[in-house]
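K.L.:
So TrEMBL says this about it:
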type: DOMAIN; residues: 54-258; note: domain 'TLC'
type: TRANSMEM; residues: 21-43; note: transmembrane segment
type: TRANSMEM; residues: 63-83; note: transmembrane segment
type: TRANSMEM; residues: 95-115; note: transmembrane segment
type: TRANSMEM; residues: 127-145; note: transmembrane segment
type: TRANSMEM; residues: 152-173; note: transmembrane segment
type: TRANSMEM; residues: 185-206; note: transmembrane segment
type: TRANSMEM; residues: 227-247; note: transmembrane segment
Amino acid sequence: MSSSAVNFSHSTSLLGHLPSLPISLLSCFILQAFSRHILSPGLFPSYYNNLSKFTKFNWDTRVVAWVHAFYATFIALWVLVIHPNRFQSIHNDKLFGYHHHAMNLLSVSAGYFLWDVIVSLKMTLNGQGVGFLVHAVCCFVAFFFSRVFAGYFGFAFLLWEASTIFLNPHWFFDKVGMTGSKLQIYNGIVLLASFFFSRLVYGNYVSYQLVMSTLQDGVRQKAGARLLNTILTLDFLLSALNIYWFYQMITSVRKRFQPASKLRKKPTAKSL
């Protein structure tokens, strides 16, 4: 299929990328199992093996999320910054531009977020908060349809994942006895900075671009009101979650500056 813009068709374009999604989903479960049985007990035997069953599950899911964060950040930079000339079709038409290879890359992330929906549901049932499930569902739906609509913005929003590169180590430090360490504090500072700039500053700028693009003449008729309203609603929900989580992270990181005696008295945030 040509990398140039094609006639907008939901069904045809989605079917063209269908194999990538289940392969990505299966790969996430394989990586999770690899972490559970080989990687984590091999690298951290004195810590991982003493964790509860559910905490091990949480650990393994964060390993998968961490790997995807590197992947998502890399492909977003690859398409948007490093080689924009290779993907001119989605740069020239940010809503309806189509590039087969680029959309396959987005399909991998769609498969990851489907996996995220499944594991987040289990975590929600175990009382870990509904926010992660809402985030996973919103991301899956958004990236599922970004393969046929607003593909450029799909890659732009993937840059949110840059902050996840520092989020999961923040949690791992707690589990390996490094709570309050200098390394965790430095990582926490970078986490806050990356989250603020990638999600709140850049993310809201991209959201503004998305909204303004959808207000152009003929967009609603071509994309369909249902799809358009769904994408914009998901963007609003995810942006609101980012603001809430940023507040939560500030609270969590500040605790790392407290003296050790206070840390023993006050539990650390469970979600970070």
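Note: Cβ is positioned from N, Cα and C throughout, glycine not excepted.
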K.L.:
I'm a bit unsure how to read this: which one of 127-145, 152-173, 185-206 has the highest number of Cβ pairs shorter than 8 Å with the transmembrane segment (227-247)?
P.N.:
127-145
K.L.:
For the transmembrane segment (185-206), what are the same-chain contacts with Cβ under 8 Å, counting residues 6+ beyond its ends?
P.N.:
153, 156-157, 159-160, 162-163, 165-167, 169-170, 173, 239, 242-243, 245-246, 249-250, 252-253, 256-257
K.L.:
Taking every residue in the domain 'TLC' (54-258), what is their average pLDDT?
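P.N.:
Computed over the domain 'TLC' (54-258), the mean pLDDT is 92 on the 0 to 100 scale.
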